[in-house]
């Protein structure tokens, strides 16, 4: 501002000086006014209430529920404050917990015993006017000043003073009574010259005390390693209050996100205020679990409490909190800005003005006590059969995501239910099921989502645009059933084994029948565990979760090892997984295999000192939300998830976990067990007699799971056990006239007819529990490496055993061999954790090409498609050691079961990705299906890879290869300087629900045992109607389009129009490779030879690189007589060097 000259009529210096002084004062006033007006709404409200005298019109907007109780015209007051709405609590607090709230019953109390209020503008905020009697308040205030404030509870005073055992209040009391000498006053630590401070003055300096998990006010984080126990009465208070407000309110779902029975206060803070103290606007977001409500109770003077929205631009609502008032911040209000700008003078209740000793120390304090659930607890949402559920997917969640989900839920006229289990990216909403029948089959919620998502850009209100820009898609939940991979009625044959004596002191009467532990008849054909037990390795400290049909935790064999805290029933939504149905015995049998106690009942578990939890999912239909929550349930405590179930083993089903289920697996391996990863163990399936193959099961055909097949007591392949290239190993189960002896449903019931791959998976889980008890630091990939390195080949006469460049052998029936407990334990003791995972994704640029039909030919004629993997590609990703390979394939075919797909490496190692399945008559082809193989573990990937597709069963059925992508997964070199990034989750694209496939029975090996009664594992059967692609709405992405075919590539068979479905993460592979070469040129000599040479000699979490479409190499001219079958899969490299330079 330019200084103005004084008016001309001012002539004297004195007049001019006075004029300038007035101008300066006026400028200062204008600046203050401008500053006051330009404040954001929250700051503006704070300044109004901080004024020396609060304007009457400002105070008139304060909501004071004390007036509601006393005023005759209550209806008029409620009408005046349109934002507040009265509710009725679910229970009488004083009746539920008289020891906390007091047991005095007065007419006034009876009139408001269950009163509560909600704010319609702030969903989830609930106010309960003082439910405490005067005596109860005095008792809690006394504890806020004494017990709760004693060390080791941290106080702000600890920064400078060494508080005595009984805290500052005890010093104050002694000072008032004249029994405290000045020499006992506290002085600042490490300051000898500082004067002692009187206790009454020191008491005024006390600002806060933390309870439970201690909070670091500098770093803004909780110390979750050294938490203190919360006071029991405060935990009970929080649980009672949350239970009382559960389900109250209308469609906004006030506090429905957290069941009161599940709430447990884990941390708290007591804030002590003097009359002129304030609390600035803030959001409590240091807690790990932002879904749990925050409960606060006020004692002492009344205060003005401002609560707004997710930012300070939302004008706050002023509340008057009086002594004893309870406030619950749940739902979206949990992340609302709030603060205390004013303590109101002369509002201290008479009964708090002095304590029993008649001194006025309590006048010093206004205490605001907060407590909440801090740690990352699992939220379980009970399913209401009268409602339809939907999930909202937020790919990039942040602290505002719960609020965004609630905004969208309201816009869709649905009810917000809360976050889905441990998945930070998924939120659940629901709407009432409609009984009306209409010709319109579209879903109104899905349609509304699509319409509102498209109109986001036209929104003027940014508060509405942001939630819609953050949400990616909505998925309609459909009930499904997962079925057991159990055994059918027992096979004939008497099960008799000689008694086995042990030096381990095992007295279990059925131990002699547990041949898989000590096989006396076929010596050596067991898991080799006794030498491990003799070392004292029995599973201590590990927990295995049984995802099944429940666990009989009352069984004598399981009751001591049952872990209730890690258990839940997702079928009936109760805390304990009690078997209810007549056939709910499968999970109990699996649990007995793992952790049956060493006692006088039945037999012993492989890890008989481990714990088992039960997660019940197989006793009824569940939706994907429940299944996803189950897969991540208590995954910080549950180390291993044993899963003996999957899609139907009928040889004609093709199903994989997609969407939220796929994300649950990724969440498990990334965040479970403190970041080391959940160990998922899956049974291969019992469809071997139907020609089924476990590569058509997306649960077993996953890099995130350990797939285990069955082995009988003669170390041979039972005919029911499925084969595939995703199978890592095998272990013992039924076959050849013998089954597994284990615990059964009932107090002391046992069974000797347990079998199928259902029994193999828990046997493996028990072995892994022993491994983790020795090395709890092992990651999910470490466990897979140990399986590969220590599995023992069996049945060596089987012709499918092939020698590999790594020096190992692999068989599609047995994987790398049978698990040997002693071997894997000894290896684990010296095992070095693998480094981060990396990947190289290689799309193939090709024409849409016909698959040759060689049904009537004398030689098999495949369609070939090549990918050249170069050293530069591997270096760019820092890949030092190969683990899994996936091939994502798109094929159009009139009869899918006719196809056989082989992946051939540069070293002539062949993985059978897809086997012929005669029962699979589906015309849907193979749509974006991700096949997986572990056969190339530790192989050098440099060179030419070939995909071979055979069609030789039915001449009338033809098909075309549309495209495919190969992805190499493995260990990242420790010298690599890239940043870790996880591979994008490309889900199996299966439209119209389950794809039907018919299995082709595989030829029986000479050593394969044929079981007339093949076991049937639990299978997940999709109910009608199935989910179609139209039920999943998302942001526009690439999709299959016959008109978008791009030319390129060359194959030896005639081409047809190209067809591209590729989605790129990087554009321009030349640029990427150029940058990679420039960045790593200096390091190349160091780690090309030192690390790439480890591709097949040493062992690996996750960085990845994707390359643009790769044009297949031109192939040499072939004769009509293809001799590919004549090449033995012996791992020979045709003389090519290990690494190309």
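All positions are counted from 1 along the displayed chain.
Note: Cβ is positioned from N, Cα and C throughout, glycine not excepted.
Pulled from TrEMBL:
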- 548: active site, charge relay system (ACT_SITE)
- 586: active site, charge relay system (ACT_SITE)
- 758: active site, charge relay system (ACT_SITE)
- 834-974: domain 'P/Homo B' (DOMAIN)
- 980-1029: region 'Disordered' (REGION)
- 984-994: compositional bias 'Polar residues' (COMPBIAS)
- 1061-1082: transmembrane segment (TRANSMEM)
- 1103-1141: region 'Disordered' (REGION)
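Taking the features listed in TrEMBL, we show where each one sits on the structure.
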| residue | record | DSSP class |
| --- | --- | --- |
| 548 | active site, charge relay system | strand |
| 586 | active site, charge relay system | helix |
| 758 | active site, charge relay system | helix |
*residue 548 (active site, charge relay system) versus residue 586 (active site, charge relay system) - Cα distance in angstrom*: 7
_Please list the DSSP helix, strand and coil residue counts for the domain 'P/Homo B' (834-974)._
10 helix, 76 strand, 55 coil
*Which whole number is the mean pLDDT over the domain 'P/Homo B' (834-974)?*
93
*Just the number: how many Å between the Cα atoms of residue 758 (active site, charge relay system) and residue 548 (active site, charge relay system)?*
10
*How many other Cβ atoms sit within 10 Å of the Cβ of residue 586 (active site, charge relay system)?*
29
*Count the other Cβ atoms sitting within 10 Å of the Cβ of residue 758 (active site, charge relay system), across every protein chain shown.*
33
